Amino acid sequence: MNFIVYLVMFGWIPLVLYLFSQLPVQRALVISFIGAWLFLPQASFPLVGLPDLTKMSATCYGILLATFIFDAKRFQLFKFSWIDIPMVVWCLCPIASSLTNDLGLYDGLAQALGQTVTWGFPYFLGRLYLGNLSGLRQLATGIIIGGILYVPLCLLEIRLSPQLHRWIYGYHAHSFEQTFRLGGFRPTVFMEHGLMLGVWMMSATLMAIWLWRAGTLTRLGDIPMIWCVLALGVTFILLRSTGAYALLLISLILLFAVTWSRSSIAIWLLALLMAGYLAISSTGSLTPTYTRQLVATASQITGPERAASLNFRLENEQILSAKARIRPIFGWGGWGRARIYNDQGQDISVTDSLWIIAFGNHGLVGLVSLMTALVLPILMLARRIPVSNWTHPAAAPVAALSVALIMYGLDCLVNAMINPVFALAAGGLSGLAVQKINRKRLRRPGSQRIAT
């Protein structure tokens, strides 16, 4: 770790304040969030009485401070809604988990504060600033621009191996052994893992395709949008992230299916499939026989290497799920109590999926609240903005962000990659879902008014 790490981490809050003093607030927020996520180091610094300072906590602190300084009245405009309940429960459930495991109130409050900074603050800021069509368009455009900025960096690391984080900040963000995949290098740039980068570039590619198709964006600066789509698409293919490939394919099929059928049933079916998988896995109904059948099918589609990885994940999840069911309501709390240890006290468990972490630490209350916070805004917006209008230039960013968010929820079933930008998107989509939508902005010439 070199001096640049200290410079950018402790200089980020002043930079966020400067952005809010110079730019429109929505643009300042999007630049602050995406800029931090893409370019700040994977580092943390302990703070007295607060969760560790990370690139996203620094961003949230900076934005909240900027709001107090430049736009304090905005806090008064915020109105709590029923749609916010799942996120509130998710942020506060560590208190119940600690109390029911005799870990004490202080431990629960500390964990709840950490969960609030990681998930609650980004969600709240999305509700506060991005809960309208213009704000969500800013976010979708910011994700595309972030993806474009990452294109040359990804290509560099594909050619030379993931080295940018080490070159600039002095150390690798994650194990270098996991960067070699499918006969070449899988880039990480300034993210923790190649899987995290894959989901990000998937989202950027999805946004670019859908906003270009809908006519929301025809150019980025002087660059025609088609060239941006091609650059993102080619780079995405070169990432060697098979899971992200599947997510992009599913998301495009989902978008085209709902707009072609003029029905949101495909979204509801996907949400039900996710809920069904969680119900089966958390109750122990996913037996070894079903697991073998699933792995055999995956082997035919993705090859034996990826199927072996899936089998390893599922076997670990079955063991961890069995322990989580001992304390099914609020889980085991923190300090690794939900993990599996051998007779020598060694940790022998591997927690690859976010859902099993939520279930083990915070029980069914935590698992249901987290997944509901991610999926509920999408289901509500599918009712507020008919899917037949998801190709409308004003509604296309909402559609793309909604599908990207549900893809992130789907990814949480197999990976544990926390991305606060998706919590920010969930907050913005929730804000739009509970507000009156301007009907005139969602009318094509000669078309009938859209019911909201």
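Keep in mind that glycine also has a Cβ here, set from the backbone N, Cα and C atoms.
As annotated by TrEMBL, transmembrane segment applies to 6-21, 28-47, 139-158, 194-212, 224-257, 264-280, 354-382, 394-410, 416-434.
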Handout entry: Which of 6-21, 264-280, 416-434 contacts the transmembrane segment (354-382) most, counting Cβ pairs under 8 Å
Key = 416-434
Exercise for the section: Tell me, please, if the transmembrane segment (139-158) and the transmembrane segment (394-410) are in contact, taking contact as 3+ Cβ pairs under 8 Å between residues separated by 6 or more positions? Expected result: yes
Practice task
Report the listed stretch (194-212, 224-257, 416-434) having the maximum count of Cβ pairs within less than 8 Å of the transmembrane segment (28-47).
Solution key: 416-434
Exercise for the section: May I ask for the residues of the chain that lie six or more residues beyond the transmembrane segment (394-410) and have a Cβ under 8 Å from a Cβ within it? Expected result: 133, 136-137, 139-141, 143, 199, 202-203, 206-207, 210-211, 213-216, 247, 250-251, 254-255, 267, 270-271, 274, 371, 374-375, 377-378, 381-382, 385, 387, 419, 422, 425-426, 428-429, 432, 441-442
Problem - Selected stretch (most C-beta pairs under 8 A with the transmembrane segment (224-257)) from 194-212, 264-280, 416-434 - result: 194-212
Handout entry: Same-chain residue ranges lying at least 6 outside the transmembrane segment (194-212) that approach it to Cβ under 8 Å
Key = 38, 140-141, 143-144, 146-148, 150, 154, 162, 178-179, 181, 186-188, 218, 225-226, 228-229, 232-233, 235-236, 239-241, 243-244, 247-248, 251-252, 255, 396-397, 399-401, 403-404, 407-408, 411, 415, 417, 419
